[in-house]
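In TrEMBL this protein carries:
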TRANSMEM  B:6-27  transmembrane segment
DOMAIN    B:9-83  domain 'Glycine transporter'
TRANSMEM  B:34-54  transmembrane segment
TRANSMEM  B:66-86  transmembrane segment
TRANSMEM  B:93-110  transmembrane segment
DOMAIN    B:95-165  domain 'Glycine transporter'
TRANSMEM  B:116-135  transmembrane segment
TRANSMEM  B:147-168  transmembrane segment
TRANSMEM  B:174-194  transmembrane segment
Amino acid sequence: MDPALLLLVLDLVGIFVFALAGGLVAVRRDLDVFGVLVLAGTTGLGGGFLRDVLIDATPPAALVDWRYLAAPVVAGLVTFVAHPALGRMERSIGVFDAFGLALFCVAGALKAADFGLGPVPAALMGMVTAIGGGMARDLLVGQVPGVLAGGLYAVPALAGAAVAVGGFSAGVPTLVAAIAGFAVCLVWRLLALYRHWNAPRPRGPASV
Amino acid sequence: MDPALLLLVLDLVGIFVFALAGGLVAVRRDLDVFGVLVLAGTTGLGGGFLRDVLIDATPPAALVDWRYLAAPVVAGLVTFVAHPALGRMERSIGVFDAFGLALFCVAGALKAADFGLGPVPAALMGMVTAIGGGMARDLLVGQVPGVLAGGLYAVPALAGAAVAVGGFSAGVPTLVAAIAGFAVCLVWRLLALYRHWNAPRPRGPASV
Amino acid sequence: MDPALLLLVLDLVGIFVFALAGGLVAVRRDLDVFGVLVLAGTTGLGGGFLRDVLIDATPPAALVDWRYLAAPVVAGLVTFVAHPALGRMERSIGVFDAFGLALFCVAGALKAADFGLGPVPAALMGMVTAIGGGMARDLLVGQVPGVLAGGLYAVPALAGAAVAVGGFSAGVPTLVAAIAGFAVCLVWRLLALYRHWNAPRPRGPASV
């Protein structure tokens, strides 16, 4: 498969899934239809925008290719209309979100590597792509980003990105490296989700 | 009128008006003079910075042309000194703000089109220019951005930007397209303000 | 001393010190190890990222040079393990932070001048570099940035940046200009810290 096409498909599916989750947050905050679209767009596109600005891939793909804009708009409208049904699928949403996370960390890392970043910063950019949209969404609704205190979320994304970009740097075919990174992130995230794994917290009293 | 000069004047007036509104928010939050200046600057320049970073028009005009920096500084100092008088003009502030919104959505969209973006993303960038500064200001003082849940604010900006960039793309003289977009946004926003129009909200219970 | 090497050393020490302060905030918010690293990284690198994106020095140094990434990671891990000891050094932390502020405002202003900005915007970028990371950190944990309402913090940074970039523009040797700017910011900030100096607040009732 052509790497560029692979990146496009990964990106669009990930954006749609993340935008659904973002739209649901907006509905629960009683935002209006514009707020639903903005939170869907921010969650779906925010991580990629942040990555593209940092690696100087501007204007971001979403401002050049209409499909990148259409994906979160459609997802937002779907959420606006069908949120009761979506809300009942909360558990499934967590799974979809894990798919988005795995897709984004791989797509983000490979794009950063493609723009000349070394393996370590490229892996970091993959993680940023995967968690940036959700962090921006949480900030917009006045919450401390869940990824900073909640279950294991960013670490699987970093691991998946590292596997993908490490394989790519080592000469493994792009598709194989992408699938391996995707699988590592997805499996780890799903295990964390169902087994309630958490990252370690500081020990001892937080001296104030 | 020369398009570049038109853009400059639109920009400066819009920045000043927005900066006044931002400074007032800072005064009401009991921030110090630096906080007043930062909120004035963020409200006045934030949307343009965001647009310029996304369309790769960096460094933003405000870092190259001193007039862009002077406008919010003067507005901030005016607010700092004259806030009681300004506060009594609250209703007028809403009208000024509508002017700023209409100016920014047109100026932002035309600049994005000038940098090669297609009509749809250029219109979106016009809206971002118009609402971005106010969103950043709200985030800085710990509020969910009003534009996500309040009255009709972003939609008139998007409409005005679309009219301006649509006319521009269709070959209408820049000044005519700009005035048409400006009028659409201004009238719609003022009607929304005085008739308390709101964007639709999701129906049904927000399943939690 | 070679100006490039001087900038590198200033940057790394400032990043490390700021990252320690950011990590401490995360520990006190009961964030997990990932949250500690993110807040350390944001505080240490956020101001520089913002400056680099605005002056188009992308990708930022931290994504190209591994030492820029290593500094906040090490600082974050040190905080995670040794936070009780660090917390007892609160007063010293304020002093370290003043050092970081003085280092960053000078390094940020000189880099902006090096990228062709005029003296006034370069000084502003120096201030942004110095206070941007702390502002981003405060936003991430849901606080109004302390710099907007607290003691004299941004003004010394702006003054130090202005002295450094003013000297540089006037042909003073880089090292001399840097030391003068550093000293101005450091002394002013330490005096403000120990004498509880504050920036003036608006007078009169905040009409609501």
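Including glycine, each Cβ sits where the backbone N, Cα and C put it.
It should be emphasised that the depicted structure is a prediction, and the values quoted were computed from it without experimental measurement.
Note on the transmembrane segment (B:93-110): residues 3, 7, 10-11, 13-15, 17-18, 20-21, 24, 47-48, 51, 86, 122-123, 125-131, 133, 153, 156-158, 160-162, 164-165, 168, 174, 177-178, 181-183, 185-186, 189-190, 193 of its chain, located 6 or more positions outside it, place their CB under 8 angstroms from a CB of the stretch.
Residues 1, 3, 6, 10, 94-95, 98-99, 101-103, 105-106, 109-110, 126, 130, 151-153, 155-157, 159-168 of the same chain sit 6 or more residues outside the transmembrane segment (B:174-194) yet have a Cβ under 8 Å from a Cβ within it. The domain 'Glycine transporter' (B:95-165): residue composition by secondary structure is 57 helix, 1 strand, 13 coil, according to DSSP.
Across the domain 'Glycine transporter' (B:9-83), DSSP helix (H, G, I), strand (E, B) and coil residues number 63 helix, 0 strand, 12 coil.
Looking just at the domain 'Glycine transporter' (B:95-165), the mean pLDDT is 90.
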